[in-house]
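The structure appears below as structure tokens.
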Amino acid sequence: MSENSTPERVVLLDEQHQPTGTALKSEVHTEATPLHLAFSCHVLNPDGRVLVTRRALSKRTWPGVWSNSFCGHPGPHESFEDAIARRARQELGLEIRNLTVVVPEFQYRATDATGVVENEFCPVFVAVTDTDPQPAESEVAEYAWTAPRDLIAAVESAPYAFSPWLGDQVREPALREALG
């Protein structure tokens, strides 16, 4: 559900990433998930450490795995900037600044252990915050601030402990450069 308690909708896309319609988020993630619009955000603190989160055990897909700071879906007619600020507040209680897209054409498809598919065109952003998270229990089981090089090393040595999209993202040179 979104902040105003209306069911969340996602933007469906064709193979050229053009909108073709919308669908309820609660109904779109299945064994045959259509391509849809999303985003991933990596949040840095003033010390240059990156926030990683462990997905809540109640999450439908990839419960309990470590991932990037947060992800989400822009609603119909919602800008990435507004959607990212909304999800930062909802999921982590964070105010963010210096939002920058670092991998604008990121796309992935992955199937979790239950057979549910993620199929997203998902630009990757980096932002900065000055505060510690106040995570929503329904979204985040735990979190940690870590040096970017330590995150990359952990993902490379134990990829099964991390979300598949994070594994793909840390291989992107532009993200590595942005994280420092």
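The backbone N, Cα and C atoms fix where each Cβ goes, and this holds for glycine too.
From a predicted model like this one, the values you see are computed outputs, not experimental measurements.
When Swiss-Prot records H29, H36, E118, E120 as binding Mn(2+), the matching candidate from H17, H73 it lists for that site is H73.
When the recorded positions H29, H36, C71, E118 are screened for a Cα within 10 A of the Cα of E91 (Mg(2+) binding site), the ones that qualify are C71. Residues within less than 8 Å, Cβ to Cβ, of E120 (Mn(2+) binding site) and separated from it by at least 6 positions along the same chain comprise L35, H36, L37, A38, Q107, Y108, R109, W165. In sequence order, V10, K25, V28, T33, L37, A38, N119, C122 are the residues of the same chain, not among H29, H36, H73, E118, E120, whose CB sits within 8 A of the CB centroid for the Mn(2+) site.
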